[in-house]
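Annotation source TrEMBL lists active site, proton acceptor at Glu333, His334.
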Amino acid sequence: MTTINLHELAALDEAQRQALLARTEADLSTFLEPARRIVEAVREEGDAAIVRLAREIDKVELRPDGLLATEEEFAAAEKALEPEVKEAILYAVDNIRRFHEKQVPEPMWLEEIRPGAFAGERWTPISSVACYVPRGKGAFPSVMMMTAVPAVVAGVKEVIVLTPATPEGGIDAASLFAAKASGVGKVYRVGGAVAVAAAAFGTASIPKVAKIVGPGSPWVVAAKRLLADHIDTGLPAGPSEAIILADATANPDLAALDLLIEAEHGPDSSAYLVTDCREVAERALARLPELIANLGPQRREFVSKVLGGPRGGIVLAPSWDEALRFVNDYAPEHLEVLSDEPFAHLGGITEAGEILLGENSVITIANFCLGPDCVLPTGGWARSFSALGVYDFMKRASIGYVTKAGYGELARQARVLATYEGFEAHAQAVSPLRDRLAGRTES
Ligand SMILES: NC(=O)c1ccc[n+]([C@@H]2O[C@H](COP(=O)([O-])OP(=O)(O)OC[C@H]3O[C@@H](n4cnc5c(N)ncnc54)[C@H](O)[C@@H]3O)[C@@H](O)[C@H]2O)c1
Ligand SMILES: N[C@H](CO)Cc1c[nH]c[nH+]1
Ligand SMILES: [Zn+2]
């Protein structure tokens, strides 16, 4: 029998409230040291370490020259999959592509900021990126699509995928099919901290890349933290988390149903139903046991651990403002707003990776096929990071152009500031000496 937490916010002191806001990623202490040993092994031994660590950690036999998925494996995956799974993947890829194509910025803009002073920006794709697709507590063709599609839309030349092998040494069939549908052909069987290190340093068979994106277990998160000086590790995406925010008009049964969605990812996930309505809280609480009983043993164990543990359950706020304050302090990865008037609440929500409005906008739909990316900042990082998108696969260069006519005024102002900061060469470069060296009359 699962015990589900009912936290009455008004009865908590500040320390107890802060404890509810904490996430698994806040304490990586048990992962960092072993992850450091893994990273060093991959740096020193390359593919040999990948094979050895796959055997030791994942109990799977790999060949150093067999890490890359073959054409035969892609073909076999396509053959093995049920038509309805392939159709759903193609449908999702289409929506995800449509959404991300909307994000593509103008390649360049240039404005005349002052007479003769032009300034702007040019966007170009990052040259090489690794998409990490988890496969520990389940396969994630969804993450394959959500990472690969924006990379391809952005125009990244070298997109590779890193994903743990199946226990038989293969690669999940739907993930392979999704890679191909997304426009990516290089999929390597390597996972966890090993994969992050391989992307950072490169090995004989895996190319070193400029950036790694994609969510993962604390092993992946720990390795990214250790390797942040070697590779761009992008937005922090760790164990999944969600808040269902429900007002008095919400259907409590749906609130209970949707609370289980992200809680089932694993015991390290976080999930809260936040409401200011006691009736919604109590009716959802009463409904949960039967919904949990519908799940298989593993998912039942995960949701029970989350909803009865330190990072889950129902939060009853003394007012709607307090409910909103809790949500904004938490900065959830996924936020589902259950209300007859969900748009009325949008203005009060300032910190969330994804905001899904109303009872039809179910987290499940957004996780798989609505279009926006399901790779989102966790651990409170939604305060400053955004959902994965085309921008994560591109960078901007500032562009400047000063005409002969514009030069004089800009040079005068710059010389004053350079002199104030004590930069003599800076000042000299825009002094009358420049005019003489350029063979023109003083400006
Ligand atoms: N934030 C997001 O956008 C998002 C999206 C999807 C999934 N997720 C999260 O990603 C995570 C996926 O985790 P997962 O476990 O399913 O897959 P994973 O691929 O991230 O982790 C499995 C790998 O971790 C490594 N590992 C496992 N045990 C280890 C040990 N004892 N020592 C060293 N390495 C070890 C292994 O290499 C293994 O292959 C989940 O927490 C899920 O909630 C987040
Ligand atoms: N909820 C995950 C992001 O936190 C995405 C996902 C994919 N499959 C199931 N869920
Ligand atoms: Zn999910």
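Residue numbers in this text run from 1 along the chain shown.
Every residue, even glycine, has its Cβ placed from backbone N, Cα and C.
Those TrEMBL annotations? Automatic predictions, nothing curated.
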**Cβ packing number for Glu333 (active site, proton acceptor), 10 Å threshold** = 31
**Cβ packing number for His334 (active site, proton acceptor), 10 Å threshold** = 25
**Fill in**
In the three-state DSSP scheme, His334 (active site, proton acceptor) belongs to strand
